[in-house]
Amino acid sequence: MNGELDHEALWQVLGSEQNVLRWNIAGDFTSTTRTFERILPYWRRGIQAMRKVEFRGSVPTFHGGRGENNFGKTTLSTPYRDSNPDIPDIGSLVQHEGNALDHVDTEADALATSVRHKRQDDDGEGEEQSVDELCDKRPPDEYFRLSTEGDCRDVVRCDQAGENGVTRLASVRCPNGLAFDIERQTCDWRTNVKNCDRVESKCTKSGIKQITCPSGLSFDVDKQTCDWKGKVNNCDRLEKPRKIMPILKTDEPVCPTGKLSCGNGECIEKELFCNDKPDCKDESDENACTVETDPNRAPDCDPTQCVLPDCFCSADGTRIPGAIEPNQVPQMITITFNGAVNVDNIDLYEDIFNGQRQNPNGCQIRGTFFASHKYTNYSAVQDLHRRGHEIGVFSLTHKDDPLYWTQGSYDDWLAEMAGGRLIIERFANITDGSIIGMRAPYLRVGGNKQFEMMADQFFVYDASITAPLGRVPIWPYTLYFRMPHKCNGNAHNCPSRSHPVWEMVMNELDRRDDPSFDESLPGCHMVDSCSNIQTGDQFARLLRHNFNRHFNTNRAPLGLHFHASWLKSKKEFREELIKFVEEMLDRNDVYFVTMLQVIQWMQNPTELTALRDFQEWKEKCDVKGQPYCSLPNACPLTTRELPGETLRLFTCMECPNNYPWILDPTGDGFSAKK
C-alpha cells in the first residue's frame, strides 16, 4: 500500500469483513477471508506474527468469536455495536459476533505462578507481589496493569483454568492457511499443528495472561477494552476501582429485621438498597444490584398470582400461554428492522411487504419498524403505519457510547425514547397512540431506570433483552416477576425489579450450518450477526432450521431481526427471505405478525381453528386510504445542539423552526416562528 494509511477506511474494511468459520476435526480448522484477500495482502512474520495482518506498523489481530472461550479465554469482552463497524470507537470492532476483529495481541501461554511481579503503589515505590496475591478476590475477567510505566498498552488478567478444568474452544478462527494449536493456544502453520484431531487441550496452567493493545491504542481499565490513546484517561491507574460489597448472606442475622448490612457492618433499611442513591457510608448498597443479587428483586414466577391478560410468566420461560396444545398454537414470526427509514431502504420494505402476501386469515403480513430519528423520512414512516405495520422507537440520538445506554439515567431514557416517540407522532402524523414499543440501541439494556421510564410513559413492551440459545425457545413475558433466563447480551444490565412491562425477548438463532452434525456454536440475535452465514443456501438453511426448532417444540414466536442495509446489500439473501415467507404462507398454521399482535394473541390465547376470526388481528387487516402526500416537505433545518450541521427533515407535516433534537423534540423550542 502506498502513501499514508487511512485508519478510518481500514477499520471500516476490517469491521465489515465476514469470516467463514470452517470446523472439520478430520483436517481443517481455519477460516477464509474474502474482502481481505482482494484488498490487502498478508505478510507472515514467522510464528510470532501468526494472527496478524500488518499495515505499516498498525497490527490488528483476528477475533475468535464473541469475546470469551477463545484463545484460552483471553479476548476482551466489549460492547456490541449493533452492526455499525464505522463507529470511530475501537469497541465497535471487538465483539460483533465474529463479524469484527479482536484488536489485541494475546500471549498464548500463562506466566508461571511462581513468578513475582513488582507493582507500583501510589507514591511510585515498588512492591513485589506473587500471582496469588495479585489474583486474590479478583474477578477472572478483569484486566489490570502491572505498572503504570510504558505506553499504556500492556495489561494482564488472572487465569484460573487450572482450577476449573479444561477450556472448551468454541469458535476460534485463524487466517487462511493456518490452524489452531490447542496446546499452545495460538495459530500456527498447518504443518506445525499436531493436534487437529482433538477439540480441547489437556490442561491449562493457572497464572496470569497478558495482552498488548495495538500500536496507537491504550488500554482503558474502566471500560476493559483497548481504545484510542486520546480517549483513555486512566493510564496512571493499575486497575479498576474495587467496589465494596454489602454483606447480604450470613449464617446468623447481623442486622435487625427489615435491615441489611453494608460492607462496613452498618445496617440500613432493606428498601434503600439498589435505589440508585448511595445510603451506606461505603456506598456498598449500590454495588450488588443484579437480577440475582438485588435484595429488592422481583420474586420468582408465581402462576397463581400472574394471570392473563395482564401478566404472563413461567419458571423457565417455555410454557405456552393458555395451556394450549402445541399443534393448536399458531407459529408466529416477527420480522423487525432497526434504524432510519428512508429512500435507502423503503424499496426493500415494499419488496418484502408487497401487499400481495397474506396470512391464513386473509390479512396482509406485517412487520415492526424500530425507527431512529436522524435521516428518517417521516412521510415514509407515515405510509408504513397507514399500511398496518407497527412503528416502534429506536431512540432519538442513537449515540455510539455504549455506557450512555447501559448507565443512562431515568431522564436520559425519557428524553431518548419518549422524545423519539413524540417526534414520530408529530412528523409522521401518527395520532392513534399505537407507538408502544421500543428497542435499545446496540441492545444496551438500561436496567431498572429504563423500565421505570417505560412504565411511567405507558410503553407496553421492550424488545432489547436477548435469551441465550437453548433447546426450547422462550416465550415473551411480563416483568412483574423475575425474568426466566440468564441476563444475556451486552453489559448484563437487565431489570432486577418488578415492572408492568412486557419483554419481547430476542431468542438467539442457532447458526450452525448443519445442526445434525456440527459442534455447537454461540447463537446470534440479529440475523446479520450470524457471521458464518455467507451464501444464500446457508441463509435458507438458517431460516428453516430455526423455524423447525420453534415449530417442533413450543412454537414460541420466531424473531427475524434485521438491519436493512445488511439485507439490501445481499440480493440473494433478500430473495431467500421472500422465498421463505412465501413457503411459510402456503401452510395454514404460520402467521407473520407485529410485536403488538403477538401480545394480543398471548393476552387472549386462541387455537388455530378459531384464529381466522380473531378480532384483535382483524382490526388493521385492510389498508385504508391513500398516502397522505405524494411530495413531502424537505425541510432544511439546523439546531444549536448540532452546530454546523444542516439536516433535511422529510415530512408531510409543516416544517418546524429547528431540527428536532434531544432538548427540543418538537423543533420549536429555541426560536419564535417568523
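Heads up, the Cβ atoms here are built off N, Cα and C, so glycines get one too.
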Choose one of CYS255, CYS262, CYS301, CYS306: the cysteine that TrEMBL connects to CYS280 by a disulfide bond.
CYS262
Under TrEMBL's annotation, the disulfide partner of CYS274 is which of CYS255, CYS289?
CYS289
What does TrEMBL give as the disulfide partner of CYS255, choosing from CYS235, CYS267?
CYS267
What are the sequence-distant neighbours of CYS255 (disulfide bond), meaning same chain, six or more residues apart, C-beta distance under 8 angstroms?
SER261, CYS267
Collapsed DSSP category at CYS262 (disulfide bond):
coil
What does the structure give for the C-alpha distance between CYS289 (disulfide bond) and CYS262 (disulfide bond)? Integer Å is fine.
13
Of all the disulfide-bonded residues given, CYS262, CYS267, CYS280, CYS289, which has the fewest Cβ neighbours within 10 Å once its own Cβ is left out?
CYS267
CYS267 (disulfide bond) in three-state DSSP notation:
strand
Provide the number of Cβ atoms within 10 Å of the Cβ of CYS274 (disulfide bond), excluding the reference atom itself.
23
Between CYS262 (disulfide bond) and CYS274 (disulfide bond), how far is it from one CA atom to the other, in Å?
12
List the Cα distance (Å, whole number) between CYS280 (disulfide bond) and CYS274 (disulfide bond).
11
